[in-house]
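Engineer: Supplied in structure tokens, the structure appears directly below.
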Amino acid sequence: MARTIQSVERAAALLRLLAGGERRLGLSDIASAMGLAKATAHGLLRTLQREGFVEQDERSGKYQLGAELLRLGNSYLDVHELRARALVWTDDLARASGESAYLGVLHHGGVLLVHHVFRPDDSRQVLEIGALLPLHCTALGKVLSAYDPVAHSELAELELTAVTDRTVTDRAELEKELVRVRDRGWAGDLGGTWEGVASIAAPVFDRRRMPVGAVAVTGAVERMTVAGGAADGELSPRLIAAVRDCARSVSRDLGAGRF
Amino acid sequence: MNAPDTPREFIAAIDQGTTSSRCIVFDRDGRIVAVDQKEHRQIFPRPGWVEHDATEIWRNVQEVTAGALAKSGITSDEVKAIGITNQRETTLLWEKATGRPVHNALVWQDTRTDQLCRELGRDTGQERFRRATGLPLASYFSGPKVRWLLDNVPGLRERAERGEILFGTMDSWVIWNLTGGPDGGQHVTDVTNASRTMLMNLHTMEWDREILAAMDVPAAVLPRIGSSAEIYGTAADGPLAGTPVASALGDQQAALFGQTCYAVGEGKSTYGTGTFLLMNTGEQPVSSYHGLLTTVGYRIGGQRPVYALEGAIAVTGALVQWMRDQMGLISTAAEIETLALSVEDNGGAYFVPAFSGLFAPYWRSDARGVIAGLTRYVTKAHLARAVLEATAWQTREIVDAMRKDSGTGLTALKVDGGMTANNLLMQNIADFLDVPVVRPMVSETTCLGAAYAAGLATGFWAGTEELRANWRRAAEWTPRMDPALRDREYRQWLKAVQRTMGWLDEES
Ligand SMILES: Nc1ncnc2c1ncn2[C@@H]1O[C@H](COP(=O)(O)OP(=O)(O)OP(=O)(O)O)[C@@H](O)[C@H]1O
Ligand SMILES: [Mg+2]
């Protein structure tokens with residue numbers, strides 16, 4: 001068996017103690033129940049208190065379980081709740097960008113589209129909600145892989161298949177791109193998933209600043225990129241700004257605070 | 001995206017709804033700039049009774065207005081007009097001198113006037129006032145609620161007759177308070193709200209003397225009936241002091257207007273607490289023989305009124321809320337979809353939420369809710385399916401009635417409201433109706449409609465053509481259900497509906 005860390009075991013035992021029986025306990029009760037010196041117990045309590053796992057009652061000085069523990073248990077954000085919160089902002093993104101807008105979440109080593117807003121022209125379009133897209137080449141997938149450690153580890157298990165001629169299939173190169181994504185706060189895809197189609201995505205965070213999904217716009221490369229000048233062929237700064245604004249608005253609605 | 005030198009100009013819409021009040025600020029393109037929202041208490045003193053605290057509501061309206069402005073960083077002089085939209089029929093009486101409500105507001109879902117409505121029907125029955133008002137006698141509408149308050153609050157009738165008491169639906173309450181309250185507040189309602197009181201004559205657009213006499217409601221309590229888009233007054237104080245209050249429409253009519261259903265035959269269905277399908281019938285009121293309501297769609301200033309046929313369903317989103325709050329099966333409304341998607345079908349269960357009796361097309365106040373088809377196989381996930389299907393089947397019943405009354409079938413259904421966030425529900429509706437379901441890019445069409453009307457009244461927008469150009473398709477669901485299965489399921493649903501009727505003894 002791998003070596004265990006004694007202080008973590010003690011912290012776990014302390015939390016169990018506070019969870020059972022009497023809710024509030026004083027320092028000496030805790031120390032004697034756990035067979036520890038008072039100073040050791042106090043050190044544990046102070047550390048857990050700083051993480052929000054334990055709270056101290058101001059008047060009695062006794063300790064109890066902290067609110068952060070409750071939050072841990074309820075932290076899972078329902079994807080349909082996420083869609084409901086994103087609705088207004090993704091509508092506005094499609095409208096401002098003139099392109100179709102998407103909301104994606106990590107699902108079984110891919111990106112699940114949980115919301116789709118049509119491009120605001122009168123063309124015939126089909127709702128793509130429920131589609132599963134690859135992680136390694138889409139803008140949504142790259143954002144999730146760059147920000148969400150779970151997505152990143154799932155990406156490590158996947159084969160990097162060439163979906164188009166422009167798909168990045170070299171792992172080192174992809175990793176470098178993910179670092180760039182984190183640095184600038186958004187990901188792009190220029191024809192790496194569909195020929196002639198470009199996409200821009202940005203991350204959505206919940207109130208604990210966990211990445212819970214990503215929003216994106218997708219459209220023809222010609223409309224999504226700058227024509228002429230020094231930036232010829234690069235993704236349009238105006239669209240990048242629109243996607244990031246949208247991601248920030250959804251995050252703010254989820255309580256992520258200003259950033 | 002305004003150029004830096006174009007003046008920033010906006011319209012603020014206040015939506016005083018059944019569950020919450022919200023304020024949304026729109027720009028010239030009809031895009032949302034800021035939103036603020038606050039829920040108020042639902043008060044259930046007895047089974048079937050539903051009340052709101054109007055003082056709390058007015059406080060919330062002030063808060064969300066200030067909140068929306070603060071969030072957007074917009075100053076009051078950049079707001080060119082205020083539009084009002086509201087939960088309809090909800091009835092309040094208050095003191096003219098102090099602005100104090102004499103009782104909680106009686107909410108549209110409240111069924112305490114059932115017995116009174118039967119008495120008012122005399123020997124003619126439910127249809128007694130249909131020709132004049134377009135409505136069947138039902139506890140849903142305001143007139144009987146006013147009468148109940150006058151009969152049941154001690155001393156109120158005398159004070160009302162002396163002119164000390166004002167009646168209003170929530171539009172009137174908000175406008176009166178906004179424009180100064182006891183200090184010169186405007187006591188006014190618009191034609192759409194007035195058309196839901198059962199006290200207004202649909203053909204003259206005036207209070208109907210005969211009905212007032214029959215219901216024993218003194219004319220002294222009534223507001224002036226204005227159009228839906230005109231300047232009623234200006235905000236007296238608060239964050240929007242000096243801004244004209246320039247529109248009022250019931251929430252469902254506002255959604256019709258916001259969906260730009262300006263031509264005969266155009267309609268929409270709004271999925272919120274309840275669901276309301278309205279279709280524009282032009283300048284003529286069309287009578288219904290299949291359980292729909294004839295109502296006013298809107299009236300722009302001095303133009304001729306535009307009428308609508310309406311199918312009203314009392315409980316749709318409210319059933320989802322009930323699953324959340326009373327049953328505790330989900331923790332947010334959106335989770336109903338997650339739960340429902342964990343199974344393939346309804347497992348044989350059908351849920352008819354006749355919590356306030358059945359509205360269109362049945363109008364049965366003796367009905368109460370039923371879950372039919374239960375076996376040990378059924379799980380909470382099947383019930384979640386049944387909850388969503390209930391909304392879709394009820395829509396189907398309304399659409400069938402609409403086809404019979406208007407003689408034309410739907411080619412597509414335009415939808416809006418909070419429940420349109422539910423993808424499974426939207427697919428169910430497309431499947432059960434066998435027509436495409438289309439959602440516009442602004443799902444907050446209620447506020448948008450109020451903003452549009454206020455913008456027309458103040459010249460912010462030139463005309464309805466300009467507004468129509470703003471409409472964009474955001475999503476479309478195509479039907480893909482096997483017709484035989486659809487027919488079989490519909491028959492099961494209709495059987496379940498039959499089982500709700502006659503549950504209360506009085507009427508059977
Ligand atoms: N994702 C969802 N799935 C199912 N129902 C939902 C979902 N989101 C919201 N709802 C339901 O929709 C209703 C809220 O929608 P909306 O805000 O449009 O209602 P409303 O009737 O306009 O409310 P109000 O009367 O306060 O204006 C609630 O009853 C809620 O239960
Ligand atoms: Mg509403």
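Keep in mind that glycine also has a Cβ here, set from the backbone N, Cα and C atoms.
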Engineer: Please state which member of B:Asp237, B:Asp251, B:Asp325 TrEMBL lists alongside B:Thr18, B:Arg88, B:Glu89, B:Tyr140 for binding sn-glycerol 3-phosphate.
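Structural biologist: My reading of TrEMBL gives B:Asp251 as the candidate in that site.
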Engineer: When C-beta separations to chain A are restricted to under 8 angstroms, which of the binding-site residues B:Thr19, B:Arg22, B:Tyr140, B:Asp251, B:Thr273, B:Gly317 qualify?
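Structural biologist: Listed in sequence order, the binding-site residues near chain A come to none.
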Engineer: Name them in sequence order: residues not among B:Thr18, B:Arg88, B:Glu89, B:Tyr140, B:Asp251 whose Cβ is within 8 Å of the mean position of the Cβ atoms defining the sn-glycerol 3-phosphate site.
Structural biologist: B:Asn86, B:Gln87, B:Thr90, B:Val107, B:Trp108, B:Arg196, B:Gly250, B:Gln252, B:Gly274
Engineer: Taking the center of the Cβ atoms of B:Arg88, B:Glu89, B:Tyr140, B:Asp251, B:Gln252 at the recorded glycerol site, which other residues in this chain have a Cβ no more than 8 Å from that point?
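Structural biologist: Near the glycerol site, the remaining chain residues are B:Gln87, B:Thr90, B:Trp108, B:Arg196, B:Gly250, B:Phe276, B:Ala312.
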Engineer: Can you go through the binding-site residues B:Arg88, B:Tyr140, B:Gly317, B:Gln321 and pick out those with a C-beta less than 6 angstroms from ligand 2?
Structural biologist: none
Engineer: Please list residues from the chain of B:Thr18 (ATP binding site) whose Cβ is under 8 angstroms from its Cβ, counting only those at least six apart in sequence.
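Structural biologist: B:Gln87, B:Thr90, B:Val107, B:Trp108, B:Gln109, B:Gly272, B:Thr273, B:Gly274 - these are the non-local Cβ neighbours of B:Thr18 (ATP binding site), listed in sequence order.
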Engineer: Measuring CB to CB from B:Thr19 (ATP binding site), give everything in the same chain under 8 Å that is also at least six residues away in sequence.
Structural biologist: B:Glu39, B:His40, B:Gln42, B:Thr273, B:Gln321
Engineer: Between B:Ser20 (ATP binding site) and B:Arg88 (sn-glycerol 3-phosphate binding site), how many Å separate their Cα atoms?
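Structural biologist: So the Cα of B:Arg88 (sn-glycerol 3-phosphate binding site) lies 13 Å away from that of B:Ser20 (ATP binding site).
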Engineer: Find the longest CA to CA distance in the recorded sn-glycerol 3-phosphate-binding set B:Thr18, B:Arg88, B:Glu89, B:Tyr140, B:Asp251; express it in Å as a whole number.
Structural biologist: 15
